[in-house]
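Trainee: Structure incoming, see below.
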Amino acid sequence: MVHLTPEEKNAVTTLWGKVNVDEVGGEALGRLLVVYPWTQRFFESFGDLSSPDAVMGNPKVKAHGKKVLGAFSDGLNHLDNLKGTFAQLSELHCDKLHVDPENFKLLGNVLVCVLAHHFGKEFTPQVQAAYQKVVAGVANALAHKYH
């Protein structure tokens with residue numbers, strides 16, 4: 001559960017309504033793979049990840065980034081029940097994929113950077129603070145099955 005003030009919730013949902021999930025999702029996942037290259041080991045089936053340009057232009061990275069942000073969007077609609085919303089994804093990433101839960105925090109922080117880049121002055125410190133709460137809540141929910 002993420003505790004947002006009404007103003008924070010409004011800021012998050014208003015900005016999210018302007019997000020191009022296809023573009024931002026691919027960029028966020030791509031940046032994760034470039035900035036934290038050890039995360040690439042979970043995406044060996046994606047083909048060429050040999051350079052930043054290869055990662056950022058990889059259609060499988062873009063497609064999976066879109067899928068990731070689709071799940072994130074679903075979470076924004078269920079901020080009062082993030083653990084329930086992400087229960088199946090948590091189980092998949094824990095039991096089958098064996099993803100280090102720290103990677104969820106990294107991706108959340110990368111997403112915040114990408115949003116700041118895309119929205120500039122509109123991404124005020126207050127909006128960032130609200131998004132930091134949300135991505136921390138999502139990361140915690142995704143790590144739930146690890147505990």
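In case you wondered, yes, glycine gets a Cβ from its N, Cα and C as well.
Feature list, courtesy of Swiss-Prot:
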MOD_RES   VAL2  N-acetylvaline
DOMAIN    3-147  domain 'Globin'
MOD_RES   THR13  phosphothreonine
MOD_RES   SER45  phosphoserine
MOD_RES   LYS60  N6-acetyllysine
BINDING   HIS64, HIS93  heme b binding site
MOD_RES   LYS83  N6-acetyllysine
MOD_RES   CYS94  S-nitrosocysteine
MOD_RES   LYS145  N6-acetyllysine
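For each feature listed, report its degree of burial, its nearest neighbours and the pertinent distances within the displayed model.
Mentor: Around VAL2 (N-acetylvaline), taking its Cβ as the centre, 21 other Cβ atoms fall within 10 Å, counting all chains.
Taken together, the residues of the domain 'Globin' (3-147) have an average pLDDT of 88.
Taking Cβ-Cβ distances under 8 Å and a sequence gap of 6 or more within the same chain, the neighbours of THR13 (phosphothreonine) are LEU76.
According to DSSP, SER45 (phosphoserine) is assigned to a helical segment. Counting only residues at least six positions away in the same chain, the Cβ atoms of LYS60 sit under 8 Å from the Cβ of SER45 (phosphoserine).
LYS60 (N6-acetyllysine) carries a helical DSSP state (H, G or I).
Cβ neighbour count for HIS64 (heme b binding site): 17 (other Cβ atoms within 10 Å of its Cβ, all protein chains included).
For CYS94 (S-nitrosocysteine), the Cβ neighbour count at a 10 Å cut-off comes to 17, with all displayed protein chains included.
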Trainee: Quick one: pull the CA-CA distance for VAL2 (N-acetylvaline) versus LYS83 (N6-acetyllysine), whole Å only.
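Mentor: About 10 Å separate the Cα atoms of these two residues.
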